[in-house]
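See structure below.
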């Protein structure tokens, strides 16, 4: 079994890379792919860069060049659930674009033309993530809707508008739905694992800078525990 792991920023993949053994590196189109062993599994870890286009490029290259059996997207996110604190984790129950609108042609808000309204993660990956939750200690984790768009959300007015469109949204970030859409296109199972770096409010820019390392570590820990559950 080979697992592809994608994070957007260095703090989101640094702990994973540091824990790998037998690591080898290859750079394609300016994106570094590091293959090796992590938690007893063959993995390929890459830092995609921020945003949906960067994530799509990295995911496509990862799938085409390394043919993983599954893809895990790890990293940070803004939180939309009052019961979660910075550092807590959201496991994707579904993933949607929050900045897509082709409703004029009969699609749902957030649904790209000729694509499903929501991208559903692989049940066995979600199950493995839920089994890993028990080992997280004080870190809380829930399943929930993760939404993606090419914006850092820190405006309360925009937050409320997003919640009107996606009332069950647990977290938002900038890569997950793009990665999920590419995986859907290629028929590769995926899951998104995100640790909260901020609460998508006026304090978010300061919180993000302060807590991105913490969020990256918690998300990486969750990924490693998930890998241990996979057979």
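FYI, residue positions are counted from 1 along the chain as it appears here.
Glycine is no exception: its Cβ is also placed from the backbone N, Cα and C atoms.
Owing to the predicted nature of the structure, the values given are computational and were not obtained by experimental measurement.
Under the DSSP three-state reduction, residue 12 (active site, proton acceptor) is assigned to helix. Positions annotated as active site, proton acceptor by Swiss-Prot, on the basis of sequence analysis: 12.
The feature active site, proton donor is assigned by Swiss-Prot to 198.
Counting every protein chain shown, 22 other Cβ atoms lie within 10 Å of the Cβ of residue 153 (substrate binding site). In the three-state DSSP reading, residue 153 (substrate binding site) counts as coil. Residues or ranges marked as substrate binding site in Swiss-Prot: 78, 153, 174, 175.
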Item to check | Nonlocal residues around residue 175 (substrate binding site), in sequence order (Cβ under 8 Å, 6 or more apart) | outcome: 6, 8, 48, 50, 51, 52, 54, 55, 73, 75, 148
Checklist outcome for this item: residue 12 (active site, proton acceptor) sits from residue 153 (substrate binding site) (Cα to Cα, rounded, in Å) at a distance of 19
Next on the checklist: Cα-Cα, whole number of Å: residue 174 (substrate binding site) versus residue 12 (active site, proton acceptor)?
Outcome noted: 13
Item to check | Additional residues around substrate, ordered along the sequence, whose Cβ is within 8 Å of the centroid of 78, 153, 174, 175 | outcome: 77, 148, 149, 151, 152, 172, 173
